[in-house]
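Notes follow the structure.
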Amino acid sequence: MFSNKPVIGVVFGGKSSEHEVSIKSAKTIYNALSHLSNKERYVARPVYIDKYGYWHDYIFSESILYDKKDHLIFEDRRVNLTNLSNMEDIDVWFPCLHGPNGEDGVIQGLFKSTGKPFVGSGVLGSALGMDKIAMKSVFKSYNLPQVPYVSLNKADIQNNLYMKSIYEQINKIINYPCFIKPANLGSSVGITKAYSKEEFITGIEFAAKYDERIIVEKSIEGRELECGVLGKSIMKSSVVGEVKFQTDWYTYESKYNANLSSTIIPADLNIEISNKIQKLAIEACKAINAYGLARVDFFYQESTQQIYINEVNTLPGFTKTSMYPTLWEASGLKLEKLVASLIEIAKE
């Protein structure tokens, strides 16, 4: 042990296409752990996973956070993964990973095997939260409101008879425009919006480059709202925020470019709708067994006052433009206290 204070292993990077976002999130968390009261309570240790899946020591990992990697020899800083489960200096793992191998239950299973607590959902909640098809199936079983959708596998694209049935379902229950998404990616990676059958086919082929499983959703003309959830045995929800963007839809570029999107926190909603969204956010998390932290995304049609759950993100971002920490700050919980709360929840 480095001291009597709990050592927090901040894990980031990874093989996912959201690698760079993960680094930004980790820097926010690491800085929050090194700030004022948290510095007196915890010892923060960064653990970087490179794009090839290699784990690296604390010195090299910290250099990645502060962009000093050119001064170090890359190969000499790798950590033997077989020894990772016996890293006695880590008391609590804090994953800042996004996408496959980070928030899909894979690394959660590894953490569980170490016998050390970790921030966020367990294997089941993470896996269900990552796979949009599995998540929506659970929502359906709990009668939670969501937009119409159909799903298919990459192998189905070459099956003309099967694709004919998909086209029929699109025309019958979804219509155009519609969204085509890889089932297991976040940050709008691999997503297209199709206005015709031709664009739909192109979108399917594009999504198939990222995932074997593909989901097609009805496009809803409405407001995009988000709500944070915090807790395990007792869950609470944040104020509701709204995302506005200059692009046709909430693309990867608009998510991480402050000039292309903006947020309104709290969202301009009547109290009844706001309360309903906060309640649904917790219900959605409980349905898929997500806990610790989560951001739940919604669509809201003002004309019908209909609320649709879009998805649960079990490891939301902590970048400068990320909604989750901003929602909680607007709810009276500043970043440093939020991070400390997440660690204490992990130890429950």
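Cβ atoms are placed via backbone N, Cα and C, with glycine included.
Per Swiss-Prot, the features are as follows:
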DOMAIN    136-344  domain 'ATP-grasp'
BINDING   171-226  ATP binding site
BINDING   D297, E311  Mg(2+) 1 binding site
BINDING   E311, N313  Mg(2+) 2 binding site
Cβ neighbours within the same chain of E311 (Mg(2+) 1 binding site) - under 8 Å, at least six residues apart: G129, K132, M135, V296, D297
C-beta crowding around C178 (ATP binding site), within 10 angstroms: 23
Neighbour count (Cβ, 10 Å) for F206 (ATP binding site): 15
Mean per-residue pLDDT computed across the domain 'ATP-grasp' (136-344): 91
Which same-chain residues, if any, lie at least 6 apart from E199 (ATP binding site) yet have Cβ under 8 Å of it: T192, K193
Among N171, N313 [binding-site residues], residue with fewest other Cβ within 10 Å: N171
Spatial neighbours of R213 (ATP binding site) that are distant in sequence (at least 6 apart) but have CB under 8 A: D131, I133, S151, L152, N153, K154, P182, A183, N184
Number of other Cβ atoms within 10 Å of the Cβ of D297 (Mg(2+) 1 binding site) across all protein chains: 20
Set of same-chain residues at least 6 away whose C-beta sits under 8 angstroms from I220 (ATP binding site): V147, F299, Q301, Y308
Rounded inter-Cα distance in Å - F206 (ATP binding site), N313 (Mg(2+) 2 binding site): 23
Inter-residue C-alpha distance, N171 (ATP binding site) and N313 (Mg(2+) 2 binding site) (nearest angstrom): 29
